[in-house]
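Input: a single structure, listed below in structure tokens.
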Amino acid sequence: MLPPLVLAFLAIAIVEVPLEQWTLLYLCRRFASPPHESNTTMLAADAGWWLRGTFSSPIIFPDANWETCSKIKDIQALTAKWAMLSAMIVMIPSLFTMPFFTSLSDVFGRRPFFIIGCTVICSSFITIVCISAFNLGLWPLLLARLANGIFAGGGILVSNMATVFITETSSILERSTVLVRLQACITVVMAVGPFIGGVLAKKIANSDHIFLISIGLFALSFIFSVLFLPESNAAVRKAQRRRARIAAAARCLDGNEAQPLISDDDALTPEEQPKVVTVASVFSQLIDNLRVVFRLSGTRSFLLLVIAQQLLGFGESGRGVFFYYCSYLFGWDSLIEGEYKLIDSTSNLVYMLALFPALQQLYASMQKDPRRKLVFDLSVVKVTFVCAAVIFALLAVANSTAFIFVLRAIEGFGPVTGIVAFSIMTNTMSPEHHGALLSGVTLLSTIAMIFSSLVYPYVWSRTVGTSVPNAFLIIGAIIVALSAVLVQFVRADDLPLDPSALEAVADDDSLASTPTAGAESAA
């Protein structure tokens with residue numbers, strides 16, 4: 001799973017910083033009136049019901065550079081509106097299509113939809129290259145983003161398929177560890193990628209070349225996925241194996257040869273039989289996924305954990321305009337943003353690969369006891385929520401780049417928090433519900449992201465150039481603090497563990513003890 005996933009995330013990471021700069025510079029070169037004498041600009045009269053930049057516009061400020069454009073508050077506000085519109089176009093369709101593709105992945109497997117997600121993201125980068133080459137306006141990018149949303153958010157689809165792949169191929173005891181390691185590999189890529197992208201954006205005059213590099217990486221991921229990525233869905237593998245044996249038997253029958261044996265193990269159970277996917281079934285699946293999240297566990301602690309996780313994600317979503325905020329106040333450019341993300345990701349790695357495993361080794365005795373393991377995981381989640389609230393509050397009042405860098409160096413536990421919280425949720429239900437759980441949680445996260453994509457860019461567009469440009473960070477800090485308070489009321493004894501998983505652990509322990517017992521008897 002790692003090679004295609006790493007290539008896909010590297011392709012996304014490399015263009016993360018250049019893409020943020022590309023939008024602002026595109027708008028600045030067409031709508032900023034040179035020369036300007038302050039941090040305001042003379043914009044043309046209102047363009048009508050559409051945003052400026054939607055259709056082809058002549059370049060009136062060809063010499064505009066990042067240092068100039070990032071200080072123009074009207075351009076910052078216009079860029080924030082485009083960020084808001086772009087996010088809405090992706091998230092609203094994905095809110096309804098994610099259950100559809102989750103259902104289809106139960107029938108056709110995880111691998112095809114991992115490939116589809118990568119392809120859709122790649123199409124957005126191809127569109128950006130075409131917009132720059134032919135001065136089409138930003139409407140083709142809106143269409144590409146709409147396609148991204150129709151195909152369940154593209155990146156969300158890729159991430160979900162990768163996560164389900166891990167949960168389907170790992171046991172209850174090792175799941176959180178494996179997920180953390182997977183996230184660590186992604187974090188390495190996300191650490192190196194933005195830094196490389198920032199350096200390239202600083203060195204290469206034409207940013208389109210960076211998008212071409214990303215397109216090439218997606219092509220490699222596509223090839224690797226088609227040729228080497230296995231299927232993790234057990235029911236799909238069984239159906240594929242059975243179809244292959246039936247086809248082989250038919251070929252042998254035509255050639256009067258001995259027919260291969262079709263094992264009863266390959267017969268599909270009623271639960272594994274492919275289901276017909278319709279619009280009605282999609283909305284039914286949507287309700288079922290939410291039911292899995294809110295009712296299947298049936299405990300107050302489970303609900304509090306879900307709500308706290310969503311509030312944490314909503315509160316921290318203000319980082320979407322954080323780069324524009326820092327570029328306006330502190331003069332950040334692509335290289336500084338790349339360094340910031342490198343520090344952030346390096347800190348994440350330290351927590352995931354050093355501190356979290358060290359804690360697990362320190363409490364190694366509990367690793368074979370699912371209930372004690374749950375208590376340990378929940379303690380990690382509670383502590384990291386509180387730390388996140390404190391650090392985000394400090395971030396809201398940070399007044400220098402150095403202070404922001406120090407905070408990001410400390411706050412590296414974010415990925416561990418989300419992964420361990422999701423691992424706790426999966427441990428409360430049988431594996432066949434994990435896909436629905438992930439889809440339901442993703443649905444709630446998408447709803448939260450839709451609201452945050454409306455709130456934070458709008459607040460930034462209204463407060464840029466005022467005495468409270470950090471208003472969006474203050475709002476986020478309050479919400480993160482609320483999530484930290486809620487998660488403290490989650491109790492381990494109120495989270496029931498999956499009985500089938502407990503039986504599997506007991507069976508593993510009995511098998512592991514059998515050779516020892518035999519050796520003692522022989523002695």
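Cβ atoms are placed via backbone N, Cα and C, with glycine included.
Copied over from TrEMBL, here are the features:
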SIGNAL    1-19  signal peptide
TRANSMEM  82-101  transmembrane segment
TRANSMEM  113-134  transmembrane segment
TRANSMEM  146-166  transmembrane segment
TRANSMEM  178-197  transmembrane segment
TRANSMEM  209-229  transmembrane segment
TRANSMEM  302-325  transmembrane segment
TRANSMEM  375-396  transmembrane segment
TRANSMEM  402-424  transmembrane segment
TRANSMEM  436-459  transmembrane segment
TRANSMEM  471-490  transmembrane segment
Task = Might you confirm whether the transmembrane segment (402-424) is in contact with the transmembrane segment (178-197), defined here as three or more C-beta pairs under 8 A between residues 6 or more apart in sequence?
result = yes
Inquiry  = Check for me, if you would, whether the transmembrane segment (436-459) reaches the transmembrane segment (82-101) - at least 3 Cβ pairs under 8 Å, residues 6 or more apart in sequence.
reply    = yes
Request  = Grab the same-chain neighbours of the transmembrane segment (375-396) for me: Cβ-Cβ under 8 Å, and only residues 6 or more beyond its ends, written as numbers and ranges.
outcome  = 176, 305, 308, 312, 315-316, 356, 359-360, 363, 366, 403-404, 407, 410-411, 413-414, 416-417, 420-421, 423-424, 470, 473-474, 476-477, 480-481, 483-484, 487-488, 490, 492, 495
Task = Take the transmembrane segment (471-490) and find every residue of the same chain, 6 or more past its ends, with a Cβ under 8 Å from one of its Cβ atoms.
result = 301, 304-305, 307-309, 311-312, 314-318, 321-322, 325, 378, 381-382, 385-386, 388-389, 392-393, 395-396, 455-456, 459-460, 463
